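Enquirer: Sharing a structure here in structure tokens format.
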Amino acid sequence: MESSRSLEHVLSMQGGEDDASYVKNCYGPAARLALSKPMLTTAINSIKLTEGCSSHLKIADLGCAIGDNTFSTVETVVEVLGKKLAVIDGGTEPEMEFEVFFSDLSSNDFNALFRSLDEKVNGSSRKYFAAGVPGSFYKRLFPKGELHVVVTMSALQWLSQVPEKVMEKGSKSWNKGGVWIEGAEKEVVEAYAEQADKDLVEFLKCRKEEIVVGGVLFMLMGGRPSGSVNQIGDPDSSLKHPFTTLMDQAWQDLVDEGLIEEEKRDGFNIPVYFRTTEEIAAAIDRCGGFKIEKTENLIIADHMNGKQEELMKDPDSYGRDRANYAQAGLKPIVQAYLGPDLTHKLFKRYAVRAAADKEILNNCFYHMIAVSAVRV
């Protein structure tokens with residue numbers, strides 16, 4: 001994976017509807033959305049709307065991916081805004097119309113997204129007008145002062161690129177032997193942190209131009225506890241996270257079996273960084289134009305917590321489930337790097353490793369950070 005190569009054409013959640021698709025494995029994001037919904041509702045209620053304001057409100061979901069989670073988010077926003085407008089209009093049905101922009105990289109499965117939307121509204125009245133906007137949210141996507149509400153859910157942990165320093169063979173920042181940064185050398189983590197900071201500031205600068213004064217920006221992203229030097233908060237979760245132990249072992253299996261060279265393995269890095277609340281606040285402060293209304297740390301339980309005893313009776317099914325979950329988020333970029341055949345072999349080995357995982361009885365938790373901000 002060349003660091004200079006844009007990820008825009010390959011980075012996406014796995015499309016389609018098979019067992020490894022994002023649609024079939026989005027229970028993790030669904031849990032995150034459920035936990036953040038009260039805060040999202042409060043954030044949307046804080047928007048300043050007055051009688052006689054614009055005839056329609058514009059909402060953007062950035063990094064929308066595909067599936068029911070996408071629609072759940074925007075439906076929450078539209079529902080809350082509708083109730084707020086009804087109060088302003090004295091309890092009558094508001095005449096306000098809503099326009100929703102679903103935006104993600106061009107590699108996203110927009111066909112599946114809008115096919116699902118058509119099925120969802122078939123036979124019922126559509127609550128909003130919908131449009132797709134392909135492109136990176138690290139760049140401008142909309143005209144100046146165009147949007148009233150912007151949400152981005154479980155997307156900002158993905159970086160615009162793998163840091164170039166990490167790809168410099170022999171340098172202190174070279175991530176030799178690993179495909180992510182959990183447990184990596186300090187210099188590797190620092191390179192990722194630098195890239196993550198640059199990306200977040202660019203994201204905020206773009207949204208500052210696009211959101212109207214008084215508009216709302218709501219961000220939910222993978223995070224880590226304040227003061228933690230590790231990307232994953234606790235040892236048990238670190239061992240079971242889909243990006244860590246099993247992934248490294250599966251790549252090493254390909255090397256040990258002579259299917260790829262070590263250099264090939266060392267050239268792949270997952271472009272993800274989990275920020276702290278302090279890192280996020282610093283970027284917002286440096287960018288300007290936004291006032292943070294609330295920040296909240298959320299701890300999400302893995303969907304398999306509490307089911308370990310049952311799963312031990314069928315370890316092969318457990319292994320396939322874990323491999324499918326990993327593929328839902330990683331298969332497109334792995335396949336762009338390795339090709340279909342080696343990608344299939346990699347995740348087969350991932351499934352075998354997961355089935356034999358002695359950490360199966362341990363619980364796993366994910367840290368998320370929710371931030372609501374107002375454009376000032």
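Heads up, residue numbers simply count up from 1 along the chain you see.
Cβ from N, Cα, C; glycine included.
In case it's useful when we look at the structure, here is the feature table from Swiss-Prot:
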type	residues	note
BINDING	Tyr22, Cys64, Asn69, Asp104, Leu105, Ser136, Phe137	S-adenosyl-L-homocysteine binding site
BINDING	Trp158	gibberellin A9 binding site
BINDING	Asn175, Val179, Arg265, Asp266, Phe268, Asn269	Mg(2+) binding site
Enquirer: Count, for each of the binding-site residues Asp104, Asp266, the other C-beta atoms lying within 10 angstroms of its own C-beta, and report the residue with the smallest count.
Expert: Asp266
Enquirer: Using DSSP and three states only, what is Asp104 (S-adenosyl-L-homocysteine binding site)?
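Expert: In the DSSP reduction, Asp104 (S-adenosyl-L-homocysteine binding site) maps to strand.
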Enquirer: Can you tell which of the binding-site residues Trp158, Asn175, Asp266, Phe268 lies nearest to Cys64 (S-adenosyl-L-homocysteine binding site) in space, using Cα positions?
Expert: Trp158
Enquirer: Work out the three-state DSSP category of Ser136 (S-adenosyl-L-homocysteine binding site).
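Expert: Its secondary structure by DSSP: coil.
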Enquirer: Using Cα coordinates, what distance in whole Å links Arg265 (Mg(2+) binding site) and the residue listed as 'gibberellin A9 binding site'?
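Expert: About 20 Å separate the Cα atoms of these two residues.
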Enquirer: Can you tell me how many other Cβ atoms are located within 10 Å of the Cβ belonging to Trp158 (gibberellin A9 binding site)?
Expert: 23
Enquirer: What is the separation, in Å, between the Cα atoms of Phe268 (Mg(2+) binding site) and the residue listed as 'gibberellin A9 binding site'?
Expert: 15
Enquirer: Tell me the Cα distance separating Asn269 (Mg(2+) binding site) from Ser136 (S-adenosyl-L-homocysteine binding site), rounded to the nearest angstrom.
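Expert: It is 19 Å, counting Cα to Cα.
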Enquirer: For Phe137 (S-adenosyl-L-homocysteine binding site) and Trp158 (gibberellin A9 binding site), determine the Cα separation and express it in whole Å.
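Expert: Distance (Cα to Cα, whole Å): 11 Å.
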Enquirer: Nearest of the binding-site residues to Asn175 (Mg(2+) binding site) by CA-CA distance, picking from Asn69, Asp104, Leu105, Trp158?
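Expert: Going through Asn69, Asp104, Leu105, Trp158 one by one, the closest to Asn175 (Mg(2+) binding site) is Trp158.
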Enquirer: From the Cα of Asp104 (S-adenosyl-L-homocysteine binding site) across to the Cα of Asn269 (Mg(2+) binding site), what is the distance in angstrom?
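Expert: It is 21 Å, counting Cα to Cα.
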Enquirer: Near Phe268 (Mg(2+) binding site), how many other Cβ atoms are within 10 Å of its Cβ?
Expert: 19
Enquirer: I need the CA-to-CA distance for Asp104 (S-adenosyl-L-homocysteine binding site) versus Trp158 (gibberellin A9 binding site), whole Å please.
Expert: 12
Enquirer: Give the distance between the Cα atoms of Asn69 (S-adenosyl-L-homocysteine binding site) and Trp158 (gibberellin A9 binding site), rounded to the nearest whole Å.
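Expert: Answer for this pair: 18 Å between alpha carbons.
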Enquirer: Determine the minimum-neighbour residue: among Ser136, Asn269, listed as binding-site residues, which Cβ has the fewest other Cβ atoms within 10 angstroms?
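Expert: Selected from the binding-site residues Ser136, Asn269 on minimum Cβ neighbours within 10 Å: Ser136.
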